[in-house]
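A.B. asks: Encoded as C-alpha cells, here's the structure I'll be asking about.
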Amino acid sequence: MADNKTPATNAKGEFIRSVSSFRNWIKDDPSAEYPAEKNRYHLYVALACPWAHRTLTLLKLKGLDHVISYSVVDSLLEMGKGCGWAFGEKYPDPHHPTFTHLKDVYKLNESDYNGRVTVPVLFDLKSQKIVNNESSEIIRMLNSEFNKFARHSNLDLYPESLRSRIDELNEQVYSKLNNGVYRAGFAKSQEAYNTACEDIFSMLDILENILSKQRYLIDNNQLTEADVRAWTTLLRFDPVYFTHFKCNKKMISKDYPNLYGFVREIYQMDGVKETVNLDEIKRHYYASHLMINPTGIIPLGPEINYDLPHERDRFK
C-alpha cells in the first residue's frame, strides 16, 4: 500500500492510512468480467513493501508464478514529489517499455488519475486495466480463483472452517502490528507514538504466546493467510522497524524465540526466500523516508540468519 505521498496524520498526530482505489475481482468463472485465465494477469510489486510482499508470497506458495507474471518497481521512493514508484533500466515495465513510473499504469484506467499510486497492483493485460490494488483481496483471489492452474492447488490458506478465526486475528494484527509499525514511525506526537508502540508490543506478546503452543497462528497443522499477513511485517521488524520506526523495546531475533522460528520457517518454504531482498527493504525505508532519516544513510546491520533451523516442526 505504500506510495509516493507524504504520510497523512490527523490533529492528534496519528498516521491515517488511505483506502485502496480499485476493488474488482477475478473469478474462476468464464462469464465473469475478469475470468481466471493463464497468462492474462500481471502483478506489480515492490520488494520492499510488506503489503506487496504478501501477494508475491502467495504467488509462490500456491505455485502460480507460471500463470500470473510479475515485475518489481524500484524500491527508492521520492516521498511527496508526485513521482512515486519508478521503472527504469534495472526495473523496466515488461509490458509497457516506455513507461517510467507505476503512475503510468494507473493512468491506463483514468487518464487524469491523480490519486495514490500504491503497490501491489493486479493488472489485466487483455483490457489494459487495473483489476485490484488491495493486497488483502488479491491474496484471496490467488488462494482460490486460480486453483485449476496452481501447482499447489490443495493448499488452502483461507479454509471455510477457519475463516472466522482468521478474520478475527487478521483484524487485530492489522490494527496493532501491520499498520501499528507505521502508526509509530509516522506519528507526529509523543502520545500517538506511545499508543502505537503499546499496541505493537502487546500484539507481539500475544503472537509469541500462541506460537509457544502451536506451529502456526490459527491451527497447529494449517498454514493460513493470517500467518503470511503477520510474517511480512515480522520479517521487516528487526532490519527496519526496530530502528527506523523507533519500535525498539524488543527485537524479534533476540527476545521472541517462537516468533523468530516462525519467521525462519516461512522464509525457508519453497520459493519464498527468493521473494526476500533485505537490501531493497532497507534501501526503501531508510533512503525514501527522509522526513524520518534526513541523511538517507542505510545501516549495515543487523546481521540475522533466516537460514538457521527453524525448529517449528517440534509441534506435531
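Heads up, the Cβ atoms here are built off N, Cα and C, so glycines get one too.
Just so you know, TrEMBL annotations never went through curation; they're auto-generated.
Below are the features listed in TrEMBL for this protein:
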- Cys49: active site, nucleophile (ACT_SITE)
- Tyr182: active site, proton donor/acceptor (ACT_SITE)
- Trp85, Arg116, Val117, Thr118, Val119, Glu134, Ser135: glutathione binding site (BINDING)
- 159-285: domain 'GST C-terminal' (DOMAIN)
- Tyr241: site 'Lowers pKa of active site Cys' (SITE)
- Tyr285: site 'Lowers pKa of active site Cys' (SITE)
A.B. asks: Taking the domain 'GST C-terminal' (159-285) alone, what is its mean pLDDT?
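C.D. replies: Across the residues of the domain 'GST C-terminal' (159-285) the model's pLDDT averages 98 on the 0 to 100 scale.
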A.B. asks: Cα-Cα, whole number of Å: Thr118 (glutathione binding site) versus the residue listed as 'active site, proton donor/acceptor'?
C.D. replies: 15
A.B. asks: Given the recorded positions Cys49, Tyr182, Tyr285, find the one whose Cα is closest in space to the Cα of Glu134 (glutathione binding site).
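C.D. replies: Nearest by Cα distance to Glu134 (glutathione binding site): Cys49.
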A.B. asks: Of the recorded positions Tyr182, Tyr241, Tyr285, which sits closest to Ser135 (glutathione binding site) by Cα distance?
C.D. replies: Tyr182
A.B. asks: Taking only the recorded positions Cys49, Tyr182, Tyr241, Tyr285, which one has a CA atom nearest to the CA atom of Val117 (glutathione binding site)?
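C.D. replies: Going through Cys49, Tyr182, Tyr241, Tyr285 one by one, the Cα closest to that of Val117 (glutathione binding site) is Cys49.
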A.B. asks: Could you tell me which of these recorded positions, Cys49, Val117, Val119, has the greatest number of Cβ atoms within 10 Å of its own Cβ?
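C.D. replies: Per the Cβ count within 10 Å, the most buried is Cys49.
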A.B. asks: Write down the Cα-Cα distance for Arg116 (glutathione binding site) and Tyr285 (site 'Lowers pKa of active site Cys'), rounded and given in Å.
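C.D. replies: That comes out at 18 Å between the alpha carbons.
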A.B. asks: Tyr241 (site 'Lowers pKa of active site Cys') to Arg116 (glutathione binding site): how many Å between their Cα atoms?
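C.D. replies: The separation of the Cα atoms works out to 23 Å.
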A.B. asks: Which number gives the other C-beta atoms within 10 angstroms of the C-beta of the residue listed as 'active site, proton donor/acceptor', all protein chains shown included?
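C.D. replies: There are 19 such Cβ atoms around the residue listed as 'active site, proton donor/acceptor'.
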